[in-house]
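Participant: Submitted below is the structure of interest, expressed as structure tokens.
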There are 2 protein chains.
Amino acid sequence: MLKLISENRAFDGVQRVYSHRSEACDCDMTFGLYLPAEAAFGPVPLLTYLSGLTCTHANVMEKSGAQRWAAEEGIAVLFPDTSPRGEGVPDDEAYDLGQGAGFYVNAQNAPWSSHFKMWDYITKDLHGALAELPVDLERQSITGHSMGGHGALTLAMHMPERYRAVSAFAPIANPTQSDWGTKQLGAYLPQTEWANHDASLLMADRGFAGPVLIDQGTEDQFLDLLRPESLAHAMTARRQAGEFRMQKGYDHSYYFVSTFMADHIAFHAEALHG
Amino acid sequence: MLKLISENRAFDGVQRVYSHRSEACDCDMTFGLYLPAEAAFGPVPLLTYLSGLTCTHANVMEKSGAQRWAAEEGIAVLFPDTSPRGEGVPDDEAYDLGQGAGFYVNAQNAPWSSHFKMWDYITKDLHGALAELPVDLERQSITGHSMGGHGALTLAMHMPERYRAVSAFAPIANPTQSDWGTKQLGAYLPQTEWANHDASLLMADRGFAGPVLIDQGTEDQFLDLLRPESLAHAMTARRQAGEFRMQKGYDHSYYFVSTFMADHIAFHAEALHG
């Protein structure tokens, strides 16, 4: 049961925001969905964009310019929130734990386990909610930025039957070896579960059936926390089909994301329309 | 004397934010400047984008996608703030008066006359500050959104020797006949000055030597306050060379601005490179 919160015409399509009840997170969740003009005539392919630490669904909608390229390619883009929110949902004073920092896992440890089930939210509740919208769930792919890049890569490698392609902007690439990872995985999960949520370890262990595109800025202020070298090593050692691009001079901001968004959407469109 | 506040690489160029002292506004002012890659080799043409009510310099930088098209066309884009700010600068509780609502005039009435000199700020202080940057002040044009569209049109019609072309997104088109205008012009100026700051009256009275492009959404929630019909009438009655486009289904948001930004930058680039 979706509740339409807002609708803005954009690039001949519509940028909508919905809220709905999530069983997994036991709270109301908000998401954005861009539908290109083609969606008026039938279901269109769907690209999911997962956002990073501190973001809501809205940052990427407003700052990335994704709609322009999605309109050109005739694909829908889904913008989920990054955590459960609202009264009764636990939080932490730090920007990188709790609300805004769900890390796309199903928390097993208290107090987080009551609501922080972002893995199930994305793969079950949100997926189910899309059934009433003009998107073709048989043609999906996934991308994300920073923590959202981590989410995109780990989801895609666990569910290759769902996602035809995966890309990431400056992903948290090796969280079991970084303070952006051990802190959150430690809070949410028993250590036996961590490896299931580390893109570099999953890449070494299983890889991905479809194409992979990674962009990383050389002047990213968080390089030491992101550990892109672990993912590049794993991709190359595995002979994973894909591209790992170090982009000279770019930082971690949305200026970086928006600069390469056209490339990423063209990459996904090729897989989705193919 | 410019102080560099931030710099982000974007679309092969750089998005910078500067602060500097404004004599006219008697305070420090902040502005954004996007420089395309070509600026490393010599001065590039300059497009000024004036923002609307409640905005700072940052909204358009983050939400409009302008950098993409400026990079393609090899032009710089200047993003000024919408009013003086800071300690000692008067304000009003309303969102549409005082800080964030300078209306691009030189206030003559107390308490505003001490700082609210946005006309002189844009045309003198900011213009002067640009001398040390790689922009070609002989090749300038101007655009804006809402209150900024009002500013762009009135500045261009008063200074055709400075601006080769003018465009606007959903401009406040006839402020002497609207609550978005009589309130602010009334607060800032004696009534004898109002006509100098009304785009429809200026269009009827003098027009503009270069090309004009106006975009207005048909579902804009502020149509009654913007009064686009007055400007369309004045342009057509005068036989002004230009284009007035009513865009079906679009509202007043940045989704509207970003949708048509590519068109506006291409329009300005033709005048600036011509």
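Glycine residues also receive a Cβ, built from the backbone N, Cα and C atoms like all the rest.
Relevant sequence annotations retrieved from TrEMBL are reproduced here:
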- B:Ser146: active site, charge relay system (ACT_SITE)
- B:Asp220: active site, charge relay system (ACT_SITE)
- B:His252: active site, charge relay system (ACT_SITE)
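I'd like these features described in context: how deep, what's nearby, how far apart.
Facilitator: Cβ neighbours within 10 Å of B:Ser146 (active site, charge relay system), excluding its own Cβ and spanning all shown chains: 25. Secondary structure at B:Ser146 (active site, charge relay system), taken from DSSP and collapsed to helix, strand or coil, is coil.
In sequence order, B:Ala170, B:Leu226, B:Tyr250, B:Asp251, B:His252, B:Phe256 make up the list of same-chain residues 6 or more apart from B:Asp220 (active site, charge relay system) whose Cβ falls under 8 Å from its Cβ. DSSP assigns B:Asp220 (active site, charge relay system) to coil, not to a helix or a strand.
DSSP classifies B:His252 (active site, charge relay system) as coil under the three-state reduction. The 10 Å shell around the Cβ of B:His252 (active site, charge relay system) contains 22 further Cβ atoms across the protein chains shown.
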